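**Student:** Pulled these features from TrEMBL for this protein:
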{"type": "DOMAIN", "residues": "5-116", "note": "domain 'Tetrahydrofolate dehydrogenase/cyclohydrolase catalytic'"}
{"type": "DOMAIN", "residues": "135-275", "note": "domain 'Tetrahydrofolate dehydrogenase/cyclohydrolase NAD(P)-binding'"}
{"type": "BINDING", "residues": "GLY161, ARG162, SER163, ILE227", "note": "NADP(+) binding site"}
Amino acid sequence: MTQILDGKAIAERLRGQLATRVAALSFKPGLVVVRVGEDPASGVYVRNKDRAATQAGFASRTRHLPEETTEAQLLEEIAALNADPEVDGILVQLPLPKHIRAEKAIAAVDPAKDVDGFHPINAGKLASGLPGLVPCTPRGAMHLLAEAKAKLPGARAVVVGRSQIVGRPMAQLLLAADCTVTIAHSRTADLAGECRRADILIAAVGRPELIRGDWVREGAIVIDVGINRMPDGKLKGDVAYAEALPRAAAITPVPGGVGPMTIACLLENTLEAAIARRG
Ligand SMILES: Nc1nc(=O)c2c([nH]1)NC[C@@H]1CN(c3ccc(C(=O)N[C@@H](CCC(=O)O)C(=O)O)cc3)C=[N+]21
Ligand SMILES: [Mg+2]
C-alpha cells in the first residue's frame, strides 16, 4: 500500500507544536510579510500565512506597498524592519514588480531575520554545512521524508529543478543527510533515466505532470513540490500523480502536500529566529 503523505494534517500537527512552544515564551515572535503590488496569486498566499501565524500565537502583519514603490523605497522599508526589535522574521513576497531587482531586496534583509532562507549568507551557510535559516519548502519536504520513514544515508536522491528557492537548497539538505544527490534540470540529457534511479524523487520544476509514472522507481518516495494552476482553476503537481501512485512507496498529493508544510516551516523558522535573537 502506498503511503499518501498528508501535508495538510502533518502541517497542522507541526503548527500545534509550534503554538505550544510560542505560548511558553514571554513575548510573541514577530513576523512581517512585505508585499509589493497586486500579484493575484500572492494575495491568497499572504492571507494564509497571516492566519496560520496568528493562530499559532505569532505577532503577524503584512506590509502592503503600492505597485509604484521604488527599489530604494523598498530597501528603506526593509532597513526599518531590520532595525525593529519586535520583528523576528521578514519575508519579502515574490514575485516583485519588474522594476525592482529581487536579489537586491533579498540581500537587504538581515540574515538573522531572513525566515525565507534566501539571503546569500544563509544559502552559503547551508552549502557549507553550517547552521542557518533554511528555505521553508525544502525544510517542509524534509519533514515529509521523516514522516515516510525514509532511510536517507546512502539513498539515491534526485532533485528535478535547480532554483535558488527549492532545488538547490533541497539538494544541500539531502546531501547533509548523507544521500547521494543528483540535481537534474531542463537541460539534463536523460531526465527519465535519472528519475528512474531515484530512491527519493523530488519534483520542483513547475511543469504540470512532467514526471510520468514510468519514471518512478518501484518503491521510491516521491515529493511533489509543483503547485501549477491549470486553466480550469485546479492545481496540478509536477508528477502525474495517478500514474506514479501505484509504483511509489510514499507520495505527496497536490494540493495538500508540500504547500501547507511550507507555511508551517515559515513559522518554525520565525520561532527559531526569535529564540536565536532574543535568547
Ligand atoms: N518570499 C516568498 N517565499 C515563499 O515561500 C513564497 C513566495 N515568496 N511567493 C510565492 C510562493 C508560493 N508559496 C506557496 C506556499 C504554500 C502554498 C500552499 O499552501 N498551497 C496549498 C494550496 C493553496 C491553494 O489552494 O491555492 C496546497 O498546496 O495544498 C502555495 C504556495 C510560497 N511562496
Ligand atoms: Mg529550472
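Glycine is no exception: its Cβ is also placed from the backbone N, Cα and C atoms.
For each listed feature, how buried is it and what is near it?
**Tutor:** Each residue in the domain 'Tetrahydrofolate dehydrogenase/cyclohydrolase catalytic' (5-116) has a pLDDT score, and their mean in this model is 97.
Look at SER163 (NADP(+) binding site): DSSP puts it in coil.
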**Student:** DSSP secondary structure for ILE227 (NADP(+) binding site), reduced to helix/strand/coil, please.
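**Tutor:** Looking at the DSSP assignment, ILE227 (NADP(+) binding site) belongs to neither helix nor strand, so coil.
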**Student:** Using all protein chains in view, find how many other C-beta atoms are within 10 Å of the C-beta of ARG162 (NADP(+) binding site).
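**Tutor:** The answer is 18.
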**Student:** Within the chain of SER163 (NADP(+) binding site), which residues six or more apart in sequence place their C-beta under 8 angstroms from its C-beta?
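**Tutor:** Set apart from SER163 (NADP(+) binding site) by at least 6 residues yet with Cβ under 8 Å, we have ALA204.
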**Student:** Would you mind checking how many other C-beta atoms are within 10 angstroms of the C-beta on GLY161 (NADP(+) binding site)?
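**Tutor:** GLY161 (NADP(+) binding site) is surrounded by 24 other Cβ atoms within 10 Å.
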